[in-house]
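Asker: Shown below is the structure under consideration.
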Amino acid sequence: MAFAVEIEDLTVAYGDKPALWDVDLRVPQGVLMAIVGPNGAGKTTLLKATLGLIKPAAGSVRIHGQPYEQQRRLVAYVPQRSSVDWDFPTTVLDVVMMGRYGQLGWLRRPGRAEREAALAALEQVQMADFAHRQIGQLSGGQQQRVFLARALAQNAEVYFMDEPFQGVDAVTERAIIHVLRKLRAAGKTVVVVHHDLQTVPEYFDQVALINVRRIAAGPVREVFTEANLRATYGGRVALLGANGSAGAVTTPTPAPGD
Amino acid sequence: MELFTDYTLRNVTLGSMLLGAISGLLGCFAVLRRQALLGDAMSHAALPGIALAFLLTGQRDPFTLLLGAAIAALVAALWLLAIVRTSRIKDDAALALILAVFFGFGLVLLSYVQRQPTAAQAGLKSFLFGQAAALVERDLWAMLAIGGPALALIAIFWPQVKLISFDPDVARSLGLPVRRFEVLLTGVLVAAIVIGLQTVGVVLMSAMLIAPAVAARQWTNRLETMVLLAAGFGALAAFIGAWISAQGERLATGPVIVLAMSALTAISLLIAPERGLLWRRWRLMRQWQIGNGE
Ligand SMILES: Nc1ncnc2c1ncn2[C@@H]1O[C@H](COP(=O)(O)OP(=O)(O)O)[C@@H](O)[C@H]1O
Ligand SMILES: [Mg+2]
């Protein structure tokens, strides 16, 4: 099997407190993978360390078989919506065009090619009508779609998304899942930090359960079991379906307080 | 107008306007990158640099003193970064600490310099609150020599600077050398500070960096416009300040410029369309009336 992402022995610490410990993760090409785990489990840290935004204490990352540093162009990142200031003076179209800046080259200004790529990406997330809006005027769901469009404008092979479904409206959730499926159909790989355990079996092919360490990873049918969820969430998971056995589609919800 | 015909007044007016425009423009990035406090700390940190440069060289030449100021401000910024990276001290506490240490040290050095018998030390104290009235043509050239390259760098790397100011994580994931740009933007901020030291002084300088950006943000939603507007506001405040203090009351130009800038900012915060306080209040009233009219 060809792997889009191969993470080996990844260890990250903030000060002397480990946020990730010796994590191995392989993502096959062309799948949608969810990363789940409780708050503070290190999911965001995993994405950031994979993308070189945090320097890991140890570990290596390969994308499509080559070290990440040589494959940046194949990778797009959708950070958590709250990671930027939405009052920044700029428009939707401008933000989406930023996805092209990696290929812009020095001394060049974004021009027609960048504009068209950005508009096409906005079309895919049903935000074309908002191209000239100030970003501060958008709802949370619209902001999320703009971030997604910026990643689409990069035309990457592998996408890392941090909580794209967090606090979005139903329209946005459907729009995002539609885009994810189209990406998969085009053979792209998408890794999504996801907080809603109920929708994991419906939305994703693979799942990685993370709590500082990697608890389990693999196809949802095999890995998304009650035992693994308990190991990840420390027994604070209430399974709604009585059948918590492997292979069955369970509908677990995290207990209040997560 | 004699502000532009009288030789001395012309230097004061043009110099102040140059300072207002350059620091207003460059200050936008400090505000947008949430580094307004860093600008303040670096302004204060420039003082010991000025005093040391004078003590070491015995010269009151603007280039020498401003070089000392720039080095001290950069050392302060780097030190701050090191503290935040290697200790558990939060960045606002570290900022306060650096500001106090550098400024206190600067004041001590200044009082020592002040007691030296040489005539050359005269006027060093003016770096505290600035002394626009002492601006000569040479100072204007110094401002241009420092501000010109800073502005040129921003213009050349405009798309990259914009992206890094908005979303540094994504910028890095796209392969941009974000660290180097952060150093560049800090250097640019230092340049802006250094330019203003003679005119408004280390204590009030941060106002000239921050206030024009805050005022300009009220009137536009485009970064390009905001940056130009901030430059315009800075220059306008400087012109008003120079004009008021030329009216014979012998008011210190620097503080009057800062006051004028504060007034422009207050007006912008109140009446700017869409974002202004009064404008929003008015719109609420309208909605309320329409709601009641039905
Ligand atoms: N910049 C940081 N400095 C110090 N600790 C951090 C930092 N970012 C995250 N952490 C800590 O690392 C752990 C993992 O955080 P994170 O990766 O954001 O978790 P998740 O995304 O799974 O909620 C948490 O305990 C968090 O408090
Ligand atoms: Mg997170």
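Backbone N, Cα and C define each Cβ position, glycine as well.
Please treat TrEMBL annotations as automatic predictions, because they have not gone through curation.
For reference, TrEMBL lists these features for the protein:
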- B:12-32: transmembrane segment (TRANSMEM)
- B:37-57: transmembrane segment (TRANSMEM)
- B:63-82: transmembrane segment (TRANSMEM)
- B:94-113: transmembrane segment (TRANSMEM)
- B:141-161: transmembrane segment (TRANSMEM)
- B:181-214: transmembrane segment (TRANSMEM)
- B:226-246: transmembrane segment (TRANSMEM)
- B:252-272: transmembrane segment (TRANSMEM)
Asker: Between the stretches B:94-113, B:226-246, B:252-272, which wins on the count of C-beta pairs under 8 angstroms to the transmembrane segment (B:63-82)?
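Answerer: The stretch I would name here is B:94-113.
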Asker: Between B:12-32, B:94-113, B:226-246, who has the most Cβ pairs under 8 Å to the transmembrane segment (B:141-161)?
Answerer: B:12-32
Asker: Between B:94-113, B:181-214, B:226-246, B:252-272, who has the most Cβ pairs under 8 Å to the transmembrane segment (B:37-57)?
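Answerer: Between the candidates B:94-113, B:181-214, B:226-246, B:252-272, the best contact partner of the transmembrane segment (B:37-57) is B:94-113.
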Asker: Hey, which bits of the same chain come close to the transmembrane segment (B:252-272), Cβ under 8 Å, at least six residues off its ends?
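Answerer: Distant contacts of the transmembrane segment (B:252-272): 12, 16, 20, 129-133, 199-201, 204, 207-208, 211-212, 214-216, 218-219, 233-234, 236-238, 240-242, 244-245, 278-279.
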Asker: Who are the long-range neighbours of the transmembrane segment (B:181-214) in its own chain, taking Cβ under 8 Å and residues 6 or more past its ends?
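Answerer: Cβ under 8 Å, 6 or more out: 15-16, 18-20, 22-33, 35-36, 38-40, 42-44, 46-47, 50, 62, 66, 69-70, 73-74, 77, 103, 106, 126-132, 134-135, 139, 143, 146-147, 149-150, 153-154, 157, 160-161, 164-165, 168, 171, 226, 230-231, 233-234, 237, 253-255, 257-258, 261-262, 264-265, 268-269.
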Asker: I need to check the long-range neighbours of the transmembrane segment (B:12-32): which residues 6 or more away from its ends have a CB within less than 8 Å of a CB in the stretch?
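Answerer: Beyond its ends, the transmembrane segment (B:12-32) has Cβ neighbours at 3-4, 38-39, 132-133, 135, 139-140, 143-144, 147, 150-151, 154, 161, 165-166, 185, 188-189, 191-193, 195-196, 199-200, 205, 208-210, 212-214, 216-217, 223, 226-228, 230-239, 241-243, 246, 253, 257, 261.
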